[in-house]
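Per TrEMBL, the feature domain 'G-protein coupled receptors family 1 profile' maps to 39-287. Under the heading transmembrane segment, TrEMBL lists 23-49, 56-75, 95-117, 137-161, 197-223, 235-257, 269-289.
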Amino acid sequence: SMNHTRVVEFVLLGLTNSHHLEIILFLFLVIAYFFILLGNVTVISITLVNNCLQTMYYFLRNVALLEISFTSTFIPSTLCSLVTHRKMISLPGCFLQMLLFFCLGTCTFFHVATMSFDRYVAICHPLHYTTITNKRFCLQLVLACWAVSFLLMFPPTIMIVQLPFCGPNVMNHFYCDTSLLLQLSCTDTGFIEGPMLIVLIIIIPGTLIVTAVSYGCIVITILHIPSSTGRKKAFSTCSAHLMVVVIFYSTSIYRYIRPTQRGGQDSDKVLSFFFSVVTQMLNPFIYSLRNNQVKQAIKKSMLKTFSSSPR
């Protein structure tokens, strides 16, 4: 009988083997992580301090917290491996990273859907916005996103943890990926792959439908705006949102719901990099920091800070 303790650690090959590219990637990841933290901390701070933005940007505040948590599951360890050239990760560390990455990633999909619904209510039913998106409803929706995410991803993760791993232990990736872990197991994993695919279809295309319908209704409403300036301004905001949504969903669907779901190619790492780093870096700036109300709130806070500071 095979014992899963035969493999005590995995080797993550990372994003590249080239030393020169590693330096470039390290600098890019440092900058990206800095902007992810800066953008999201700014969103959280401004929406908490400003009373007018507390309810309106409730979902964005939670998304900001989620993005910090999500990217922190793999970016610090990736940066560490690029500096130290140590590409090993322990078995428990790998499983914990996988659990957090996919639970928080799943929660991101649900939050993108809730934000699209929030924008739909704000644009298509502005007079009823404060009534529909009251504090109780927002809290229930956010808690539901977190609860459903963990309920969907926790059982398959536990099943993967219990698989035997007896070598090889090399993953061509920069974080512990489920499809690669299933490939490395020395037993049949068909009983996990089927349910995993069903769960992913529920999560990704399911939330995409909600997002697409919401933005479809938003576009129809915008087209009925009499002012051309108003239409142009609304389309400018929506196009930026849709750009992030398209990148996020297209890369995620191709990576995890394509017919040949086996991973390990360099293209998989590129796709994963786009939806896990690039879109997370863009989100706080596109969803909130481009918004006039948020920009005005930041200016007021900065003026207040500078005017109150001792000279």
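Just so it is clear, glycine is given a Cβ too, placed from its N, Cα and C backbone atoms.
These numbers come from a predicted model, not from an experiment.
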Candidate ranges 23-49, 56-75, 235-257, 269-289 - greatest C-beta contact count to the transmembrane segment (137-161) (under 8 angstroms):
56-75
Under 8 Å for C-beta pairs, could you tell me which stretch among 23-49, 56-75, 197-223, 235-257, 269-289 has the largest tally with the transmembrane segment (95-117)?
56-75
Highest-contact recorded stretch vs the transmembrane segment (269-289), from 23-49, 56-75, 197-223, 235-257, CB pairs under 8 Å:
235-257
What residues in the same chain, six or more past the boundaries of the transmembrane segment (56-75), come closer than 8 Å to it by Cβ-Cβ distance?
29, 32-33, 36-37, 39-41, 43-44, 47-48, 97, 100-101, 104-105, 107-108, 111-112, 114-115, 118, 122, 133, 135, 138, 141-142, 174-175, 276-277, 280, 283-284, 287-288, 293-294
Do you know the mean pLDDT across the domain 'G-protein coupled receptors family 1 profile' (39-287)?
85
